[in-house]
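Some features that TrEMBL has for this protein:
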{"type": "BINDING", "residues": "C:ASP29, C:ASP76", "note": "Mg(2+) 2 binding site"}
{"type": "BINDING", "residues": "C:ASP29, C:GLY30, C:ASP76", "note": "Mg(2+) 1 binding site"}
{"type": "BINDING", "residues": "C:ASP29, C:GLY30, C:TRP31, C:HIS32, C:PHE33, C:HIS34, C:SER75, C:ASP76", "note": "GTP binding site"}
{"type": "DOMAIN", "residues": "C:7-135", "note": "domain 'tRNAHis guanylyltransferase catalytic'"}
{"type": "DOMAIN", "residues": "C:139-242", "note": "domain 'Thg1 C-terminal'"}
Number of protein chains: 4
Amino acid sequence: MATGKLEYVRELERGNRLPNFNWIVVRIDGWHFHRFSEVHQFDKPNDARALNLMNSCAVSMLEKFPDIIFAYGDSDEYSFIWSEKTNFCERQESQILSQSVSFFTSVYVMKWGEFFPTQELTYPPAFDGRVICYPRVKLVRDYLKWRQADCHVNNQFNTCFWTLVKSGKKKSEAQKYLAGTQTAEKNQLLREFGIDYGALPAMFRKGSCVFRDKVEEGVKLDGGRKPGEETCRRVRVDYCDIIGKEFWDQHSEILVED
Amino acid sequence: MATGKLEYVRELERGNRLPNFNWIVVRIDGWHFHRFSEVHQFDKPNDARALNLMNSCAVSMLEKFPDIIFAYGDSDEYSFIWSEKTNFCERQESQILSQSVSFFTSVYVMKWGEFFPTQELTYPPAFDGRVICYPRVKLVRDYLKWRQADCHVNNQFNTCFWTLVKSGKKKSEAQKYLAGTQTAEKNQLLREFGIDYGALPAMFRKGSCVFRDKVEEGVKLDGGRKPGEETCRRVRVDYCDIIGKEFWDQHSEILVED
Amino acid sequence: MATGKLEYVRELERGNRLPNFNWIVVRIDGWHFHRFSEVHQFDKPNDARALNLMNSCAVSMLEKFPDIIFAYGDSDEYSFIWSEKTNFCERQESQILSQSVSFFTSVYVMKWGEFFPTQELTYPPAFDGRVICYPRVKLVRDYLKWRQADCHVNNQFNTCFWTLVKSGKKKSEAQKYLAGTQTAEKNQLLREFGIDYGALPAMFRKGSCVFRDKVEEGVKLDGGRKPGEETCRRVRVDYCDIIGKEFWDQHSEILVED
Amino acid sequence: MATGKLEYVRELERGNRLPNFNWIVVRIDGWHFHRFSEVHQFDKPNDARALNLMNSCAVSMLEKFPDIIFAYGDSDEYSFIWSEKTNFCERQESQILSQSVSFFTSVYVMKWGEFFPTQELTYPPAFDGRVICYPRVKLVRDYLKWRQADCHVNNQFNTCFWTLVKSGKKKSEAQKYLAGTQTAEKNQLLREFGIDYGALPAMFRKGSCVFRDKVEEGVKLDGGRKPGEETCRRVRVDYCDIIGKEFWDQHSEILVED
């Protein structure tokens, strides 16, 4: 049977080119990871293995997709910022979304054993994703501020919550105890348990940033090449403060408005 | 830092509810699988292990998402038909697309070793996906016909092509030799090489259908339950002809227009 | 100054082709017509001049746009059904919407004096519009049923309301009096005022349908042409019941699913 | 008949909120105005009556819709820039588009006689419209530059063309004569016919800008109010150069990025 007279069904395929002059944010979230983290016995409130696995996936993303210029993640979510100028897949939303989520998932499953050597993956994890367009540097930065502020709020709450639970309280009691408390009260609570919140790992408190660093490689080379003649951009993970302006002043090449 | 004054960035999140009264087709394609199949030494023109892995992923999809009512796949692509009536994730396109692609990818990587016990997965495979809405049974059936006709055309060509290559022709010669040939000529060519195309495995020639079969389980039970009292719907894989009407007459419950 | 280097701004123009296999409904509504009808002293509850003007505009629409196959209107709104198969302006939503609304408005203003010879148009009336796609005959018919049922409900209420107001009640009293009354009670009320609701003009009770009728013109011609040899399709206005099936049985050529 | 069980058809109505942080451009074009201008005997290459009518409609638009901050028009087209911050009709595309086009058309027909006292309107004119979103001041300004540059290019060509035609050339000859000529050649041609292009009315050469001017009214009042205490913003028409930066420096309040 020939396909010719059936191809009319393609007329209902619809493209959706994301508008130019916008950074494209793809945010990936663990799907039902509340259950997934219990079944796979994640440490609470933070499991360093799980976070490092997420970070490793994010690094792979930046290595795979050169037009991703920055990523920020915490807990079971990761936001990938695609360059304002990208023309990857002609900026088709469904392709950018599906390939981002698929590749991230693939790396997550493949690298599981590397980060959880003693914990078998018992069922397939999945992620969902969404796409948001931001046409100005200010909006992208406020988006990232929002995610990092959210990380802080959640992490402080969770640190208190699990401290109370580990001290013997029921989950419902811990929930009730914390309801309505302010930052100062939460810090006070932690101090009572001997925990200096500010001394906890930055990865827990600030989440993780992934970006390319300018590295002058020439200096490392003996011989013909002059220093600075060749640069490559290494993907690195850091736990930076991206709410203040210092990071963005130091990395002004990441977000540039045309 | 509080998140409140930053949440305004959410205003740029945009939903996209797929219109009611439409079946939702999610078609997943292997991304750069030409290279992937070479690196992982897939048999040509068809690798039964790779097809069975795809089918196994599709079965998992129907077990995971009750609102997928039918799936059809061949080569490195799979189409999943979501019920006209589904309200999964409020029919949001980005969620249906991203979860479908993510879960499929996750299962593919997890089950790789089961289907390729002697072939290590050397890099993360990825899939892309798209969403198409069809508002009538006729359109859904024509879509599926189109995919199966496409499977046939491709498979017949590939069978000839690889027969010629295995017989010693260069790929470019085989390509030239086949250019413009009709079905009858291709069948003649295969006969000359002692191949009866119609006797090749149906999975290669027709692709794979995945759907739920009505199974009366009551009769198998001794004891209290009466026959027919309980039915469950087992997900099965078959290599049916979905171009003709016979299959659809026999499975009239799958595609029903309201 | 050349336009070349500025044309990049066109990249942000976005098309929106309405999906094939859908009837396209453009519904036009008078914008702030509550005030407009007061300023221009429309009769209450129905002004035959205003309705006939709307109908005349609708007839012009069907004469102008051959792909509009049916229209239904009441009060200050009109719905135009574009053929499932139309390719007018390549089915671009913005063009179909803007041209429909613009042409309707233009005719409304131009013909005002014909229908309101003694009432000057004191300020420019405007209409807004929206587009809805329906992929099945059943949905289009239910849409039209919904509009006609809505016409009936509103008209019966308004007839009672203005009967009470004309009898001396304040508007707020009339509103309160009618709150929660059923159809039977409303008819009873009207009878008490000597009004037989069923005897009111059909245009008020049922709204107006505009469509093309098959008219054999040959029979009217003396001389060479034979009867039936030439047919033209005259646009007519009628106050039909489109909730029941009789109209659609008699005009089965209007809505045909491919 | 109740409407309740029919209202399900509304599920297929789809909103389309235009994204925040974008100026919304509605561009209105005369529909088949080539013919319209012939039938209504517009002067060529420019009809001052027709342009002043368009400008009058544009002024009405700014008086009607406070969130339109600027308009630019030439020939039979007009672009309306809605404020980045507008929440008119919740930024629904179909409402902003349809009301803009409808109101513009309505004013055009109503005011026709004022601008064409000796030329009857013989059939209803119509306009089509489209919507484009621009998220940065630079893009809005480049859009307006593009339209004014386009006005210049078209007007210079048309001035030459009609000069040749009025001198006795056929239209096809004039077309051929001008093909491929540059600006300097066109100016030379006009000089040969005694026309100083730069001395033609600015409305023809530059098109028309419509915007609100800050007017201090307090000074005109005798009595209690102090000068400057009350300001109103009068809508004015001017034939400014909006390609250069001078206009925008002088009217920096019009386009402000948040």
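Glycine is no exception: its Cβ is also placed from the backbone N, Cα and C atoms.
Within 8 A of the CB centroid of the GTP site residues C:ASP29, C:GLY30, C:TRP31, C:HIS32, C:PHE33, C:HIS34, C:SER75, C:ASP76, the other residues of that chain are C:PHE36, C:SER37, C:GLU77, C:PHE127. In this view, the densest Cβ surroundings among the binding-site residues C:ASP29, C:ASP76 belong to C:ASP76, judged by other Cβ atoms lying within 10 Å. Classification of C:GLY30 (Mg(2+) 1 binding site) by DSSP places it within a strand.
Counting residue by residue with DSSP, the domain 'Thg1 C-terminal' (C:139-242) contains 57 helix, 17 strand, 30 coil. Under DSSP, residues within the domain 'tRNAHis guanylyltransferase catalytic' (C:7-135) fall into helix, strand and coil as 57 helix, 32 strand, 40 coil.
Local packing around the Cβ, expressed as the count of other Cβ atoms within 10 angstroms, is greatest for C:HIS32 among the binding-site residues C:HIS32, C:HIS34. Looking only at Cα atoms, C:ASP76 (Mg(2+) 2 binding site) sits nearest to C:GLY30 among the binding-site residues C:GLY30, C:TRP31, C:HIS34. Its Cβ taken as reference, C:PHE33 (GTP binding site) is surrounded by 18 other Cβ atoms within 10 Å in the chains shown.
Of C:TRP31, C:HIS32, C:SER75, listed as binding-site residues, those near chain D by the criterion of a Cβ under 8 Å from one of its Cβ atoms are C:TRP31. The Cβ of C:SER75 (GTP binding site) lies under 8 Å from the Cβ of C:GLY30, C:CYS151, C:ASN154, each on the same chain and at least six residues away in sequence. Note: C:TRP31 (GTP binding site) has non-local neighbours C:PRO125, C:ALA126, C:PHE127, C:ASP128, i.e. same-chain residues 6+ apart with C-beta under 8 A of its own C-beta. Each residue in the domain 'tRNAHis guanylyltransferase catalytic' (C:7-135) has a pLDDT score, and their mean in this model is 97. The number of other Cβ atoms within 10 Å of the Cβ belonging to C:GLY30 (Mg(2+) 1 binding site), over all protein chains shown, comes to 21.
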